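Quick look at what TrEMBL lists:
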SIGNAL    1-23  signal peptide
TRANSMEM  101-121  transmembrane segment
TRANSMEM  133-158  transmembrane segment
TRANSMEM  170-193  transmembrane segment
TRANSMEM  214-237  transmembrane segment
TRANSMEM  249-271  transmembrane segment
TRANSMEM  325-343  transmembrane segment
TRANSMEM  363-381  transmembrane segment
TRANSMEM  425-449  transmembrane segment
TRANSMEM  470-489  transmembrane segment
TRANSMEM  495-516  transmembrane segment
TRANSMEM  528-549  transmembrane segment
TRANSMEM  599-621  transmembrane segment
Amino acid sequence: MFATQDTILKLLTLCALAHSITALALQERSPTPGGSAPLDSSHKYLIVRGESPSGSQEHVEFDNAATLLLRAFKNQQIPASGDLEECSAPSHKATFSGYDYVILLGMLVISLGIGIFYGFFQKGGSSSNEFLLGSEMSIFPVTLSLTTSFITAIELLGNPSEMYFQGTQFVLIVIPMVLVIPVAVKIFYPIYFKMELTSCYEYLGIRFGKEIRILCAVLYVIQMCFYTAVAVLAPAIALSKATGLDTKIAVVLIYVVCVFYSSQGGMKAVVIADSFQAAVLAVSLVLIVGLGCFYSGNPIQVFQTASEHNRLEFFNMDPDPTTRHTVWSVVIGGFFYWTSLFCTNQASVQKCMSLKSLRLAKIALGFAIIGLIAVFLLNFYTGLMVFTHYADCDPLTAGRISATDQLLPYYVINTYEHISSVAGIFVAGIFAASLGTVASALNSLSAVTCEDLLVNGMNIKISPEKGATYAKWMSLGFGIASFGLVFIVEHLGGVLQATLTLNGLIGGVTLGLFVLGIACKQANTKGAFYGGLLSLALVIFVGVVAQIVSVEQPALPTSIDQCDCHVNITNIIGDLLTEPVEIIEEGGFTSWPIFRLSYMWYSMIGCLLTVFLGWFISLVIDFIQRRNVLKITGKGIDNPAVSEEIFKSDSQVQYTTTTMIAEPRQPTTDEGHVNHAIRIDDE
């Protein structure tokens, strides 16, 4: 058996604490028959050897040593200076001012106004196509809308903390974004425009049949409902902890605004609102970086500090697929992830299809990806800038924040507290990212439900005039459903990461079905259906088990040497000692390497597994069908409709022709057997 990395951290902390307590010593002692002898201050040496199963002598000795260490440290620690406050309990907490609330509410009101204009005053949108696709949108707003649809509030808060705690290896995620452009504009979008699709899953219905189209539509609905709930809840929690903004108020505001303008204004309102929100997001990011150059350090200082603390890492060529971030996992795994988002995700395909032509769609997609790369790089630099600011006093270790996602909000609120409205602009940018994600998801969910589930799945005929009304009510319904899921997800803390992983797994399987249809001529309906279901079951099983047994990646070293407050080390050590220690037993299927794969490989595994299984099952089914046809057409084999006398006769079959036009006659049993199997095989 071996202990987790948390156990090692506990042992190292205890050993370091033992060296700092010079007044405490434990003598070497021999074990007594009844167990370990009582510990007292006359002992001279301390030996902390590790933890073994509860109840053993070594476990008792470890508990006694740890308890005595903590008690001695509490008694001997130097009291905090009178002019220093506790880091974890500051006397002053920066909060939102009136100006900040005005800016945030102003952004929300303008977004609502866009929905009111396109829903009640702008002509058009009376048909389902106009509501779901817009009527020949212009390229500039669609480009901005595409950019914001790929930027979630989770990434805006998570990317800086990734740079801060793990280093810069993840920066290479921008490379697969560029690699996806030729795949999208040369393979996928020409097919969509040639077929004039409203839903991208319509292609799967034409290629494979009704079952595959319905399967992908249902998966997309489940995926996006949970994803929107997480995409709203996660940043709302982070903002509430760092800024004092109530979580429920933030969630309600986002959903009310999104549901209104997406359900009333349709695609036009979504695209125009996304364009406005993209401007707000850009202003907030540029403002934070610009102020950071003055308050936290210029780019030279930022990269120098990051280099000194081993934060700069770009060429980790480790071939081990279990390593969290390497060049291989980020570039190759990221390529499949971004391909699924750009090429087979209805939210992005639907916006490109709202343009007049394929040429405009290619231009919009290219510029959208360039804009996305710029935003990501700016966001990554923000993380290094924040690290430079807190290089000598980590707010997480000091107890100022309780989670990594709170890092950027805490930095903005506290560093720029004296500058009016900066916090409001920053939070407005985070809200803008959430609004764009949810609004695009609701509109795409309406399109998928109308086109794939109602019209195709249930054979419900919807006139173009009623289609817009159906879509509006569906946007409203999905918004309410996603809002309800927020309160379920809120009480299931571990489901946040699992939901994000599920998003990548489903996207990989969906991409695999598209690749199977485009690249494999031998693929048939049954092969794609059973291959997709089997792949989905396998990758979800692997992903869920991996989330359950995974060990959190340890962060790079941080410092609290020069904090301007008193760091309560006793609380830190106490928390370490009271945390349960997980002992991982060797053996069992959960120890297999596949459950330790980096999450960056999930989309690739889902895609390739779907293609392989779909192709293989298609070949097996095709072989079985051809074998059955040969049995049917063989001489008298399993074919009671053909008499044996026919095959015994040497006379050739006589054909007669006539030039007379007669009424078609129904075949009788005396005229022979119609071989439907051969006709089906020919078709």
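Cβ coordinates come from backbone N, Cα and C, glycine included.
Please treat TrEMBL annotations as automatic predictions, because they have not gone through curation.
Fair warning: this is a prediction, and the values are worked out from it, not measured in the lab.
Proximity of distant same-chain residues to the transmembrane segment (214-237), defined by a Cβ-Cβ separation under 8 Å and at least 6 residues beyond the stretch ends, is recorded for 152-154, 156-157, 199, 201, 204, 247, 250-251, 254-255, 346-347, 405, 430, 433-434, 437-438, 441-442, 444-445, 448-449, 452-453, 456-457, 478, 481-483, 485-486, 488-490, 496, 499-500, 502-503, 506-507, 509-510, 513, 529, 532-533, 536. Sequence-distant residue pairs (6 or more apart) of the transmembrane segment (425-449) and the transmembrane segment (133-158) include at least 3 whose Cβ atoms are under 8 Å, placing the two stretches in contact. Same-chain neighbours of the transmembrane segment (363-381): 139, 142-144, 146-147, 150-151, 155-156, 159-160, 163, 168, 170-171, 173-174, 177-178, 180-181, 184-185, 189, 281-282, 285-286, 289, 299, 302, 342, 352, 355, counting only residues six or more beyond its ends whose CB sits under 8 Å from a CB of the stretch.
Counting C-beta pairs under 8 angstroms (sequence separation of 6 or more), the transmembrane segment (101-121) fails to reach the transmembrane segment (325-343), with fewer than 3 such pairs.
When the stretches 133-158, 170-193, 528-549 are ranked by Cβ pairs under 8 Å to the transmembrane segment (249-271), first place goes to 133-158.
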